[in-house]
């Protein structure tokens, strides 16, 4: 793989002193979890110290906003939360703005800053929970736009190699809710900052009917602000606030199937919801599959399925990782038995050791 090493900056190494930390408030599912060794990364100069510290532990768990993880009751290892701050415009040309955000920035806050400054192109991704640094790992996407569509490059710390590395789209190997980072040893990389190429002139992406209805209520040509407001309104209406009901957003990926499989399923289930993809495959609506299996609003122990969005698993109070995963497994089994399709979880399931 071709990656460019960023020249080392001459700066003092900031020390890291691990401390015990309750992680219940550090994951949006609100799962009870304890880290005997926890550090917060607030400046890039701390990364060499992390490389020196990590080998002393069984595993290194890198956390962002905790919105896409299932944490165990106790983590045997070092937990490092990325809190690196900063947003700046680093360049512009005739066809794009190039904007850089540090990995610890809140994703929705960053999108809002872009819309406020006229750096349009990320508005379809508004209100997705988490941090900027976690966004490329998952290749987040919503309402017809994926992070990969707006990606320029990123800088990541190679924990074992002890160096900063610059990576472009080819090196990141983006796919549907997937990237190079999801196939590496956990804790091998810490993303430091991400740069985005935001198109000029801007064109709205209104592929979803809900978005079309919300963004053009007045009949005028939609603006980026109107699309942003519409996305926020739709998400708030459909998805629970993690501050009120513990959840990790969409828990399952929408499965991809070939045209033949989709046609066979349509013959048996005429109401099947699917979306054509550029490669000829079809993306099935996982929420529809789960709903049709009767799971919407149901509960299994302390874990449940949200009553308005079947893709969202929620903590009904006191749930632990095993409760969430037992519910997920039951849903997967029912969907596979009925439709012959295996649902894949989106969140990273962190092992206890």
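From the backbone N, Cα and C atoms, a Cβ is placed for every residue, glycine too.
On a predicted model such as this, the values are computed, not experimentally measured, just so you know.
Annotation comment: Swiss-Prot describes 31-201 as domain 'FAD-binding PCMH-type', evidence class sequence analysis. Per-residue confidence over the domain 'FAD-binding PCMH-type' (31-201) averages 97 (mean pLDDT, predicted model).
DSSP assigns residue 177 (active site) to coil, not to a helix or a strand. Residues or ranges marked as active site by Swiss-Prot on the basis of sequence analysis: 177 (among others).
Packing around residue 250 (active site, proton donor) is summarised by its Cβ count: 22 other Cβ atoms lie within 10 angstroms of its Cβ, all protein chains included. Under the heading active site, proton donor, Swiss-Prot lists 250, citing sequence analysis as support.
Among the features that Swiss-Prot reports, active site is placed at 346 (among others). Taken residue by residue with DSSP, residue 346 (active site) is part of neither helix nor strand, so it is coil.
In this view, residue 177 (active site) is surrounded by 19 other Cβ atoms within 10 Å of its Cβ, with every protein chain counted. Put simply, residue 346 (active site) is 7 Å from residue 250 (active site, proton donor) when counted between their Cα atoms. Counting Cβ atoms from all protein chains shown, residue 346 (active site) has 18 others lying within 10 Å of its own Cβ.
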